[in-house]
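Peer 1: Sharing a structure, written as structure tokens. Questions coming.
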Amino acid sequence: TIIMSIHQPRYSIYRLFDSLTLLVSGKQVYHGPAQNALDYFADIGYACEAHNNPADFFLDVINGDSTATAMNKIQGEDIDFEELSGSRQTIEERLVEEYRNCSYFRDTQVELERITQGKQYTTKPTSRTITYNSSFFTQLHWVLGRTFRNLALNPQTSVAQLGVTIFLALIVGAIFFGVKDDQSGIQNRIGALFFITTNQCFSTLSAAELFITERKLFVHEYISGYYRVSVYFLSKILSDIITLRTIPAIIFSCVAYFMIGFKTTPAAFFIFMFTVTLVAYTATAMTMAISADQSVVAMANIFMTISFVFMMIFSGLLVNLPSIMNWLAWLKYLSIPRYGLTALEINEFVGLKFCEDPAIHTTMSPASGMMTNCSMNTTHALGMCTGEQYLDYLGIEYTTWGLWENHVALAIMTLIFLVIAYLKLRFIKKFT
């Protein structure tokens with residue numbers, strides 16, 4: 001079925017119409033052969049002038065324009081102009097009444113009864129069922145391809161994201177360039193890692209526009225049966241993750257990691273890159289979960305900024321987490337930066353030594369039970385000789401599971417946020 005709108009059709013176009021239906025305020029005032037419409041209206045007192053366009057004439061009549069009949073004369077009787085200048089409501093009622101008393105209305109009723117005979121129907125609105133003519137993977141192929149083409153045709157966002165990523169990587173690399181293995185190295189490392197995790201969270205604010213800007217297009221195409229909600233959701237997730245999250249995270253890691261001078265082992269570098277990328281994924285998923293049912297980008301940005309600020313407080317740098325009161329301590333488990341920062345701290349600090357004082361003695365690490373070397377004046381954080389001692393001071397468990405449990409938590413949070421975002425898309429109001 002193809003539906004199109006013809007505005008002010010000229011007579012040569014109108015002449016091609018087979019049947020004509022005219023409505024006034026949702027009420028039918030004519031339904032029948034298009035070529036008989038002029039005769040019908042002439043019979044009820046509305047005759048079309050010789051050189052008037054029938055389409056314009058019908059619009060004049062049904063909209064209550066008295067000039068449409070100002071020159072009419074039927075059987076030599078003059079038309080009462082006061083009657084023609086009556087209210088539009090009176091004209092509508094007359095048109096509806098005349099149509100219901102004519103043969104065209106009776107013929108239409110007979111045809112409708114023939115069509116509905118033997119079929120059950122109700123005047124109550126039925127639930128809408130959307131069907132599809134193509135498979136899930138066919139829809140995914142075309143929608144995903146269109147999404148990537150749109151990104152290629154409008155590269156401003158992608159280029160800007162990469163540009164900002166490289167700029168920030170150079171800035172943080174220059175500020176913390178070549179961290180040393182001394183007491184200042186502890187502060188510089190923790191500051192750099194905190195900035196990196198926080199930056200990965202706030203850089204995902206651009207994902208707020210993902211579902212908001214195309215909401216009307218998505219609703220129109222979905223209710224038309226073009227594709228499933230899951231197809232649209234997956235195409236947006238894959239395109240955003242590949243172009244705006246994974247690539248910038250890799251570039252940022254490659255630039256900042258070696259400029260700052262973190263541990264030079266391949267394993268430490270790839271764990272760093274994996275952690276930074278996973279933090280970006282989780283923050284993006286949370287952004288989508290918040291913005292999926294929003295209609296204004298500014299409101300979504302406000303909600304996300306507030307959430308990230310609270311998460312940043314409980315990341316483990318601005319406040320010592322073990323010292324937080326119990327009734328507030330549970331909020332740290334909802335902090336994305338905390339999991340990322342903890343994983344990066346374990347990855348970086350384990351195995352590092354920050355003092356070369358020959359007068360050292362052996363002490364027992366309270367958290368790990370391992371023997372560590374420490375100078376006589378290392379009772380405070382700035383006097384720590386090893387990375388393990390600093391992690392003990394922060395209350396961080398630096399075992400193998402202590403490292404990877406943060407990645408597991410981030411993966412679980414990502415999955416939960418994506419499910420929330422999908423459910424919001426699935427159940428947003430699509431029909432009016």
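Glycine too: its Cβ is placed from the backbone N, Cα and C atoms.
So TrEMBL has the following annotated:
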DOMAIN    7-84  domain 'ABC transporter family G'
DOMAIN    138-349  domain 'ABC-2 type transporter transmembrane'
TRANSMEM  159-179  transmembrane segment
TRANSMEM  242-262  transmembrane segment
TRANSMEM  268-290  transmembrane segment
TRANSMEM  302-325  transmembrane segment
TRANSMEM  407-425  transmembrane segment
Peer 1: I need to check the long-range neighbours of the transmembrane segment (242-262): which residues 6 or more away from its ends have a CB within less than 8 Å of a CB in the stretch?
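Peer 2: Distant Cβ neighbours of the transmembrane segment (242-262) are 148, 151, 157-158, 161-162, 165-166, 168-170, 172-174, 176-179, 189, 192, 196, 200, 203-204, 206-207, 268-269, 272-273, 276-277, 280-281, 284, 348.
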Peer 1: Which residues, given as numbers and ranges, are at least 6 beyond the ends of the transmembrane segment (159-179) yet have a Cβ under 8 Å from it?
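Peer 2: That would be 185, 188-189, 191-192, 195-196, 199, 203, 206, 244, 247-248, 251-252, 255-256, 259-262.
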Peer 1: Over the domain 'ABC transporter family G' (7-84), work out the mean pLDDT and round it to an integer.
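Peer 2: In the predicted model, the domain 'ABC transporter family G' (7-84) has a mean pLDDT of 79.
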